[in-house]
Amino acid sequence: MISPEFNFNILTRDLSHYVENQVKVGLFDSGIGFSLVLGFSAAYTCYYLLSVAKKPQLISGGKKFYQFLRDHCPVVSETYYPTFWCWESRIQTLLRPFVTAKPGVVYRNELIKAADGGQISLDWFDNDDSSSHPDPSCRPTVLLLPGLTGTSRESYILHMVQQSRDLGYRCVVFNNRGVCGETLLTPRTYCAANTEDLETVIEHIQRSCAVAPLMAAGVSMGGMMLANYLGRKGRETCLKGGVVFSAGWDVFECTASLEKPLDRFLFNSYLTSCLQASVDRHRPVLEKCYDIDHVMKAKTIREFDERFTSIMFGYPTNDDYYRDASPIHRLKSVQVPLLCLNAADDVFSPSHAIPVEAVKQNPNLAMLITCHGGHIGFLEGLWPRQSTYMDRVFKQFAKAVIEQGSRLQDLS
C-alpha cells in the first residue's frame, strides 16, 4: 500500500516539473494558457454585457418632454457601452482629461465689465465658416459654462465647441473670474450660488446677438450655476433651453462623498490645491479683504469654502452657503426645458442625492442617468479619443432645442 505522504510528494514533484516546463515552453504553446485567457475573456465579456453596458434611465416630469427627447435625441434610448477597459467611476474621471483629444479651437477673447467694477472673460468661437447659418446675426449661439476650476481650454469644452461647429452654431465660453489669466480687478471670484456674473454674460450676449436663438450648457459646477440661474429666473430668461452634465445637486452630500478617504486622496486634495493656486495668483487684490495665509492652509474643499468662499459672498455660515448653492432647491422653479445627465457611480454627485423626485414634479425637466460614466467621464469606444457619450447627448439635444424648439414652448 502506498502512503498518503508518498502520493503527496509525487504530486508535488510532478506539479513542480510541469510548471517549470510551462515557463520554458510558454503557457500559450501548451494550449492550456490560451484556454485560461480565452475563458477569462469570455467571462469578462459576459459580465460587461450583463452588468456594465446598460440603457440609461430617462426620467421626466411630463410626457411631452419625455417623448420629445425620445424622438429627437436617440442617444437617450441607446445602450451606453463604457470603454471596456476603464468603466469604473474613478478611472473614467481620472483618465478623461488625458485620453480624450483636444480639438484645435481658435477663440476671440472679450473682456466685459461687471457691476462691481470687475471684469469677466468670454471666449467666442464665431464659426464664420458656418454653411448652415451663414448670417452671423441669426446664427444659433451656445453658452458654455466650465467646471469648478475649468476654462475654455478644457477638453470637454473643446469637444462641445467642436460639436457646435459641426452643427453650424456659434459658442461663447463663460470663464469664471480670475481663472483664465485675466487680472482680477476687484476682490471677488465666483461660486455656484451666485449667478450675477452669469446674468451679466447672458444679457451681454443677447444685446450682441439679439436675433440669434440662445441656449446654454453647464458642466459640474457650471451646471450647478446654470440650474440655479434657471431656477431663479423662471420664465424671465432668453435661454431656449439648457443641458447640465455631472452637476452636484446637494452640496452637503457631494462634499461628504468627496471627504471619504480614497476620494479625498484622489480628488478633494487636488481640487483644493487648484483653488488655492488661483487665490494665490491674485493675492495682491484679495489679501486686502481676506486672510489668504489661512486660506492656503485648507486641506479640503469644505475648509476652503469655510475660510474663503462663504465669507466672500456674505453667508453667515458655510452651511448657509452650501444650502444656497444646492440646485435641488430651485428645480421646481425652472420654466425652460432642462436636460440633466448624471452617472449613478459619480463620486462627486452620489446617486442617492440625484433629485429624481424633484424632476418628476416639473414638466420642464428631464434627468438621464447612466449606470457608469464617473464625473465628466462617459468614455466609450475601444480608445475614446474623439467623442464621449456626453458629447453625443450635447450635440443631439442642442440641435433639437435650436431646430425643433417650437415643440418645447409649452411643456406643462
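From the backbone N, Cα and C atoms, a Cβ is placed for every residue, glycine too.
Annotation source TrEMBL lists domain 'AB hydrolase-1' at 140-233. Per TrEMBL, active site, charge relay system is recorded for Ser220, Asp346, His375.
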Revision key, fill the gap. If you measure between the CA atoms of His375 (active site, charge relay system) and Ser220 (active site, charge relay system) and round to the nearest Å, you get 8
Review point. Any idea what the model's mean pLDDT is for the domain 'AB hydrolase-1' (140-233)?
Key: 97
Check your understanding: How big is the gap, in Å, between the Cα of Asp346 (active site, charge relay system) and that of Ser220 (active site, charge relay system), rounded to a whole number?
Key -> 11
Review point. Which residues in the same chain, at least 6 apart in sequence, have a Cβ under 8 Å from the Cβ of Ser220 (active site, charge relay system)?
Key: Pro146, Gly147, Leu148, Gly150, Phe245, Ser246, Ala247, Gly248, Phe348, His375, Ile376
